[in-house]
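Reading through the structure tokens given below for one structure.
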2 protein chains.
Amino acid sequence: MAQLRIALAQTNPTVGDLAANADLLVAWTRDAAEREAHLVVFTEMFLTGYPVEDLVLRTSFVDASIRTLEEVARRLDREGLGDLPVVVGYVDRAGLAPRVGQPRGAPLDAAALLHKGEVVTRTSKHHLPNYGVFDEYRYFVRGDRLPIFRLHGVDVAIAVCEDLWQEGGPVAVVGQAGAGLLVVPNASPYEKEKDDVRLELCARRAREAGCALVYVNQVGGQDELVFDGDSIVVDGSGELVARAGQFKEELLVVDLDLPVSDAPAGTFPYDAGDGSTITVDRLVLSADPVEPRPPVPARIAERLDPAAEVYSALVLAVRDYVTKNGFESVILGLSGGIDSALTATIASDAIGPSRVHVALMPSRYSSDHSLTDAEELVRRQGINARVVPIAEIVNAYEKEIDLSGLAAENLQARVRGMILMGLSNEHGHLVLTTGNKSELATGYSTLYGDSAGGFAPIKDVPKTMVWELSRWRNAHTDPSFLLDAEAPIPENSIAKEPSAELRPDQRDTDSLPPYEVLDRLLDDYVEKDMGSQELIAAGHDPALVTRVIRLVDLAEYKRRQYPPGPKITPKNFGRDRRLPITNRWRETTGPA
Amino acid sequence: MAQLRIALAQTNPTVGDLAANADLLVAWTRDAAEREAHLVVFTEMFLTGYPVEDLVLRTSFVDASIRTLEEVARRLDREGLGDLPVVVGYVDRAGLAPRVGQPRGAPLDAAALLHKGEVVTRTSKHHLPNYGVFDEYRYFVRGDRLPIFRLHGVDVAIAVCEDLWQEGGPVAVVGQAGAGLLVVPNASPYEKEKDDVRLELCARRAREAGCALVYVNQVGGQDELVFDGDSIVVDGSGELVARAGQFKEELLVVDLDLPVSDAPAGTFPYDAGDGSTITVDRLVLSADPVEPRPPVPARIAERLDPAAEVYSALVLAVRDYVTKNGFESVILGLSGGIDSALTATIASDAIGPSRVHVALMPSRYSSDHSLTDAEELVRRQGINARVVPIAEIVNAYEKEIDLSGLAAENLQARVRGMILMGLSNEHGHLVLTTGNKSELATGYSTLYGDSAGGFAPIKDVPKTMVWELSRWRNAHTDPSFLLDAEAPIPENSIAKEPSAELRPDQRDTDSLPPYEVLDRLLDDYVEKDMGSQELIAAGHDPALVTRVIRLVDLAEYKRRQYPPGPKITPKNFGRDRRLPITNRWRETTGPA
């Protein structure tokens, strides 16, 4: 056996900012060198950020990725870090002749080993995910090489992300070929309680590969995706050895005792067990084990509880959307209700209350507590507030056009949306929308009204979870939150009955069932894809099933125009649920 | 040789309306029987419509598709049409065990042969397109069977759509196994001048298959896609025999002299030449040739000229979006400029002028000709018009919030958008937006202002083509157009210099280069994906390249919130061009 000290660089790259990501790589490698690591492993497509969508189809972008990789290898060496091997993800190309249906330029979701100023070996993802939020058959061609490099006597194999999730392929080949360690760069988006799934997966694959496994995951927000980190090290029996925290950057350093190898170098084809052949590329960086050192204590970060986990995901998503897009501040409408109260609090935690602006926009139908509850939140958090009454503006419209019923209700919501957009354009704030997932699912919102804005922090949070997160936040904090306030949300905003206040004495329950009932039904219909018969068999009220399914199916168009927002569930509306708008299928009735 | 009379059912199904599509199938089959056809071929996924996106992942939907297929087979027989074989596309399932990454329920893009009340044989698409507007690895598993059925002595093979476009697979197997005719149901979306590409493809594949080829394509609008028909028959040497029209439903009937076969029935595996095995399933419906009849003259429809083709695509797209979604009428803002004039004309041609409503919304900055040109168009077309001045509404906002520069310009556009949305909500009109592709590409539009609406007829039409189409329409008509008016667009709207009129004496050229220059650059950057160095090498002004690329790259967020509109170019923004919003890559500068 030989000791290796591995550094897992759980980092937050910025999509497209190759220079900044290269700087991060150098800085973190220096940190790993200072902690005497023998190997640093970065995340999937770290140099480009992940996902880059159609950028990968541009020749100039792929050129820049390859050039940046080679430059950063030389730079590490120049800066005295060349002796420390680095595994890092980037985008490469396969050099295949063009053909119909093949992604332009035949890009690869690649990873490379950097050492002594050189790119020593390159590999790329074999299994391409094309489900949920992933479209990788659109973007990449599959890799068919598995590098195994000897480091201080230990054979280290490299596989990329999805190759862990599928049967057969690189992990199966590691099991046949034999290695002492499998390192896996990942960009695996957050979903509620996904950390349990990942640990089980890593344990199973380590047993299949017959060696310890190092799983390094990206952290940070990228449009609708949040990456949670949760990097993991398991030994060859699948036992958890070390684990990084969630939603924070971290250099996790771990000492592992690993078997030494003297297998010959060279290239060897293996049946990958999935109908394809994978070529193992064995090479030697250093054959002799290092002198063992007293191992550093392995850190196993505690898991966040469910509410803390979701709340932290939302804070990170907002922080990164704002800062990576270069905004200095945000603005939102504060109604006194719980959705805007929670959204303001998330924003304060994400970027600090001094950068959060709110507009209180009372109408003729606003109740007294709307203004007082909103003002109380402003006081507790110290955010920037202004009052903009909308009655005179609504009157001006109504002098020109006659609107009644829903059209008149929508007008009020739209006047508020336009005020926020005007203030955004004038002062450069990013507009946050405050709609929750239950509203979005059922279409209980106004297009170009409350749905107008640049980012939707709680678009994937059902209403019942909005209350849960609000109560949680009033009782907890975290050092990464930038708002320092006891119970930042007024109790009355949490306790009072929900109302859109767009007509006299309106209540959400005039149009929707109680949220406890609605959210359970939405979960079964949207997340679990149950059909109407299954829903009724599961105990949901048949009339309600018909009504809610109709609302959800008809609201598709509004959801298409909703701003991006962090994904926390399997079926966030947006990237991972796509229905035709023009569509006569109704789940409740079958063929109409 | 034996004669077969084939009917190509170039039809317009409605997505999700299985009952209505089944009715269409029966009606068209009756028509084919009256014209004494021996075989009717419908389009890909005709019973469900195409594309159905995530509906295909629902158990209840796939159940309904399979049930509808079996019911319609029995119904054809009950209605005396059972002797006429029908090939039709639908959705089936493969019955595979679930695994990570496989589409839920393992759906198949299937086609079946119906005869004497039975589903005689089933097949499904082998090659799944996953590029451009297609995401089929997300939705389907691949088929591996090729049915060849003997009809009056002639062996007829069935393949589906993409199987024509890729090398290897079913067409290659037809070449090995031998058949007298290959029939191919398709749902191939329109793109400018794609008809030339399809004919060349059909000719090449007929030669490879060694037999005549019948290519039947869907017609109609579906969200952002327009299907143009253009069904084709070629003989075994690739010569064009018959061709249906574009953008119209048509039952194209053709007599073919085809070789007879006595190959034994049974199942036979073949190497498909793409790494897979395809099983040929030979069966016999009827072994004896029919008595030859005097052949019907083969129709070869004339191709539309380029402007007629695009204009017809837009008219059909608007008609189907409006009617399939159940709207009775549309509304748009008429400015006196060319974009809204063309949009109104397309709408009048699509659904008739009596169902088109316009609002003239002059501001303090509107020039006299704005109102008079708009009024002239209203007079020529006989559409419904009202005038809603916006000055007092803008004043009401400005009393509450101070806005200057771009924020004040945007406010005016947004007030207009909100007026249209209010009238839409009150009266049930669908709002059409009037933005063109050049504006959309460069972000020269107001989010929630002129981009607010339900459908964007000219979102994929560059400004120079807006003028071209307007001139074309003033000089031409078509029997399918519902507007009966000479020169429906006022010449002044075509001739005058473009201006948004959001500040005094504003001209588009204050912010943008001349459209002739801009559109050429956009075509090279967007459609051809040329990088900045290539653009400069191609002769574009370097400063302009930098400026325009920056505009295009930064406008991604606005484009995400744009309503759907018909695709007419390879790179419509929306389904087939996807960039991250949060993204620091700049084509002009490389790593920033």
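Glycine residues also receive a Cβ, built from the backbone N, Cα and C atoms like all the rest.
Values in this document were obtained by computation on a predicted structure and should not be read as measured data.
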Region 'Disordered' per TrEMBL, picked from B:360-381, B:492-513, is residues B:492-513
Note: TrEMBL has B:Gly333, B:Leu334, B:Ser335, B:Gly336, B:Gly337, B:Ile338, B:Asp339, B:Ser340 binding ATP, and from B:Thr267, B:Thr433, B:Thr434 that site also includes B:Thr434
Of the residues in the region 'Disordered' (B:492-513), how many are helix, strand and coil by DSSP? 7 helix, 0 strand, 15 coil
Cα of B:Lys558 (deamido-NAD(+) binding site) to Cα of B:Glu44 (active site, proton acceptor), in Å and rounded, measures 34
Spatial hits near B:Tyr131 (L-glutamine binding site) (Cα distance within 10 Å) out of the recorded positions B:Glu44, B:Lys125, B:Cys161, B:Asn410, B:Glu439 come to none
How many whole Å apart are the CA atoms of B:Glu44 (active site, proton acceptor) and B:Cys161 (active site, nucleophile)? 7
Filter the binding-site residues B:Ser188, B:Lys194, B:Glu439, B:Lys558: retain a residue only if its CB is under 8 A from a CB of chain A. Output in sequence order; output 'none' if empty. none
Among all the protein chains here, how many other CB atoms are within 10 A of the CB of B:Lys558 (deamido-NAD(+) binding site)? 20
Taking the Cβ of B:Asn410 (deamido-NAD(+) binding site) as the reference point, list residues of the same chain whose Cβ is under 8 angstroms away and which are at least six residues distant in sequence. B:Thr446, B:Leu447, B:Gly449, B:Leu502
Among B:Lys125, B:Cys161, B:Glu439, i.e. the recorded positions, the one with its Cα nearest that of B:Lys194 (L-glutamine binding site) is B:Cys161
Determine the Cβ neighbour count for B:Lys125 (active site, for glutaminase activity): the number of other Cβ atoms within 10 Å of its Cβ. 26
